[in-house]
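Asker: Supplied in structure tokens, the structure appears directly below.
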């Protein structure tokens, strides 16, 4: 049996914080609610969301600092102890992922209120949490609603929007890997999920100039593409439409680096290299990332070239059951170095 779950409402516009109450009413939510935010996102939007919700609901709040299993358990404990009926995550990937898994484990719905458009977790069922063995994604449930305030997302540093493009563009190689796994391993493949995923990537490539400007229209396009990516994963019932070898490379960097770059920045560079391995137009991908201001080299990413090579050689071990262009044995050091050099990453 294949159950597809999607957000029931997506609100995308300017100054939509006040909509949180209306969304909650339409979804028949009751008190109490838990507002989850980070130290920074509390000031950016968290306090305002809290204030609006207090007009109609009993509100609890909690600060989350990192995407670890300890933080998930802390939030889950607050939900259970206070008999919280629903949660709202106000923040970036860390806050959304922790709230997603904690609410799933506690059996309550959650609303996603992204303050950046840096990765496709804003509407997907998957959460990346450290402390579960390796930092790969774990399946939970997607948000029942997404409330994206363009004014808030636009005010975030520009690199976040560029990282969002990096995460969406990785759908190109992810779908290639998925097709490969279908052909070689007989893995389930959904044409519909793949088409939606690729459409999201093609949209950001087509609109790179608009996104580069970073105005309302550019933000809107990236947010829509990220949400479509999340929906594609829900249709597939896995992260396959948006996560292939380029994500394994990013997870490898997470393990090797004390302070990794943004997820979408890493997957963007991974996509350039994996596109080269697939024999598809990696130059066009690189060009798009350059246009929007995303890093395309190890230097721009702030990572030693040696680490890039090592990440490429261990990427296949991150999730052995996920078949990709890297195959079962992965890349040799020579092949990894050659791919990174030819694409200009190192």
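Heads up, the Cβ atoms here are built off N, Cα and C, so glycines get one too.
Below are the features listed in Swiss-Prot for this protein:
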| type | residues | note |
| --- | --- | --- |
| BINDING | 93, 94, 95, 96, 97, 115, 116, 117, 118, 124 | NAD(+) binding site |
| BINDING | 120, 167, 251 | substrate binding site |
| BINDING | 167, 247, 263 | Zn(2+) binding site |
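Describe the structural surroundings of these features, if you would.
Answerer: In the three-state DSSP scheme, residue 116 (NAD(+) binding site) is classed as coil.
In this view, residue 120 (substrate binding site) is surrounded by 32 other Cβ atoms within 10 Å of its Cβ, with every protein chain counted.
Within 10 Å of the C-beta of residue 247 (Zn(2+) binding site) there are 30 other C-beta atoms, taking all protein chains into account.
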Asker: Do me a favour and check the Cα-Cα span between residue 247 (Zn(2+) binding site) and residue 167 (substrate binding site); whole Å is fine.
Answerer: 9
Asker: Given the binding-site residues 93, 97, 118, which lie within 10 A of residue 167 (substrate binding site) by CA-CA distance?
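Answerer: Correct set: 118.
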Asker: Would you list, in sequence order, the binding-site residues among 95, 97, 118 whose CA lies within 10 Å of the CA of residue 263 (Zn(2+) binding site)?
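Answerer: If one measures from the Cα of residue 263 (Zn(2+) binding site), the binding-site residues that come within 10 Å are 118.
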Asker: If we count other C-beta atoms within 10 Å, could you say which of the binding-site residues 116, 118 has the fewest?
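Answerer: It is 116 that, of the binding-site residues 116, 118, has the fewest other Cβ atoms within 10 Å.
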